[in-house]
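What TrEMBL says about this one:
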- HIS436, HIS441, GLU493: Zn(2+) binding site (BINDING)
- GLU437: active site (ACT_SITE)
Amino acid sequence: MVDSQYYLPNDIGVSALDCGEAFRLLSPQEKMYAHYLSRAAWYGGLAVLLQTSPESANIFVLLQKIFRKQTPAQLEQVATAAGLSAEEYQAFLVYAAGLYANMGNYKSFGDTKFIPNLPKEKLEALMKASQAFQEQPAEMEALWDSCSCPLFSLEDKQKQLGLGDKGITTYFSGNCCLEDAELAQKFLDSKKLSAYNTRLFKRDNGGKACYEVRLASAVQKGQNDSFTQEPFSFEDKEFTVKRGDYASLMEKAYAANENQRKMLEEYRRSFTFGSVDAHKEGSRYWIKDKGPIVESYIGFIESYRDPFGSRGEFEGFVAVVNKAMSERFAKLVGSAEVLLPELPWPREFEKDTFLKPDFTSLDVLTFAGSGIPAGINIPNYDDIRQSEGFKNVSLGNVLAVAYATQKEKLTFLEEEDKDLFIKWKGPSFEVQVGLHELLGHGSGKLFVQDDKGKFNFDKSKVTNPETGEPVSLFLHLETWDSKFSTIASSYEECRAECVGLYLCLKNQVLSIFGHDGQDAEDVVYVNWLSMVRAGLLGLEFYTPESKSWRQAHMQARFVILRVLLEAGEGLVGLEEVTGQDGKPDARITLDRSKIHTVGKNAIHRFLCKLQVLKSTADVEGGRALYDGYSTVSDSGAHNFLRLRETVLLRKEARKMFVQANTRVSEAVVDSYSVELVEYEGSAAGLIQSFTERFQDEAEQLEADLLEMNRRDAPCWC
């Protein structure tokens, strides 16, 4: 039997993202704009296959070839004739849908590998009975041979993403370790290059280590390009910088947008030449584009899945503004300058001026990448966020379906809490997302010395409130991600989550979202209860063998659970029990009468420490604090290693989303319209959406993916 955490269950939730009404209200011009932006996002999003694992692209092409010839319904008869049971065929469909939804064979939330929940010989029999195989037997056989072993393999190193012996990554060649990543970061800093759109490849040249930094770009050479001409010598190692990573995909990621405005001009320059500076410039135009009806962002954005924490995964989204919900967020933005001083750190540790961002609720039309979040705060460039601004978005149609749950599937809560939890989980999460994105990620100052030696604070007046000593700082070119590297993402998510917990206690905040009186108290209670339960659920994403966390947000929530347990006084209760089925279970409780006292004080102290360590670039102190609370052991008041087994026993698979496609059709002669093509919320619907998404040039696209994968194949050994 395969451990259940390594396959997706046949009854996994699959929901269609509803954006029909939002799309219908767009003007013809807006629909066309959304269509072309979506095409760019989907093409660029294919790069995630190459960023995830050595085999993901080949598995994707194998599935596309099978389903382009036969729909899931047509293939079912073939599967039955090939000897598959109904359960085995459904397991195959769920696996295929999972690969599409995660853009690879590792879960986007948790970075764990998943394999088909049926015997390898059964899947091979189905593949060989398919029409695709009948028409191209040699090609399909070669494709199967190239990926069938890793498709099913669960060797220890292949069970999760990671660097060196801790897991699989394609951000680095297989012979790289943490020391190589650290050296490469120093090199990039010395050349004023960002790691966001890079990968690192190491080779041996006569006993000397040589590194190739590869930039994602459509072209091999840039204009006035000094970087890609000669090798650089750095700390007795040789470095070269090359353009052209994911070249054919980067070309498609911008080509549709050549008639758009300055923002898209800069994105095109970024994807053409691999320039992060151009992407930054595009982001500057983007944050100034307030309140557009069609909102979008595209590029190498989030660094969660880089084991070193510096390289961005490609994502692109296109969404339509939900005006009614956006009004609430606009009110929250209007209250920000009143709420920010309520945060527990000294005034000097807050930005000099709050740059009021756009904060909108969006219905997602397209989200290309490995997964869809509930909210976003971007851009991630520290220098822009600190001095020029940012945008917040809450993804309303994702929230509407992602966190709905059935009472019988609600784990680890007291019976009397379950109805309240189901009633207020959605509204409380909406409040938490708003505070997390706007005042969590949007708050706090980094103390920086610029390239001219100037400080962004008064050195004579600012001291560290924890020690009374003068503050340390970020030097020129040092960023939050490059400095705090492996803990940066989770630490920042933890800080933002704490801000949400802390400020949701304010009546002013709750009334903005329409909650007063007893309802407001219930929203606070469920928000805090949801957080401590999420901390327990987070244990699913911890790997004991490597003592590492695989998901930034869930590590953050576990840390918060530890902080609130440590607060004592009966605030949080956590006990191991036996379930009604006779198997191990757990119960988590929260004393709502102590949230405003014991709970608030605990978050106040912890949040202040987090911000001070962040502001002062104190990596050593920050790592000691964060790693301490992140420790999962079998000693102490709670046996978290044993609780982890209970969590795995009772876990519920994360939902997958089916997204619509857009299609241009000729309404009348020389007049074109854009139609929305929607699909059912099922594994078959998800599969169909992907096969139709790339059907116009499927064969060339598949050939490009296979060729890019083939060229890099020797690097993963």
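Glycine is treated like the rest: Cβ placed from N, Cα and C.
Fair warning: this is a prediction, and the values are worked out from it, not measured in the lab.
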Cβ-Cβ neighbours of the residue listed as 'active site' (radius 10 Å): 28
Additional residues surrounding Zn(2+), by Cβ distance to the HIS436, HIS441, GLU493 centre under 8 Å: ASN377, GLU437, GLY440, GLU492, ARG495, ALA496, GLU497, VAL499, GLY500
Residues satisfying Cβ distance under 8 Å from HIS436 (Zn(2+) binding site), sequence separation of at least 6: GLY375, ALA496, GLU497, VAL499, GLY500
Rounded to the nearest Å - Cα separation of GLU437 (active site) and GLU493 (Zn(2+) binding site): 10
Neighbourhood of HIS441 (Zn(2+) binding site) by C-beta distance under 8 A, where only residues 6 or more apart in the same chain count: ASN377, PHE390, ASN392, GLU492, ALA496
Other CB atoms, at most 10 A from the CB of GLU493 (Zn(2+) binding site): 22
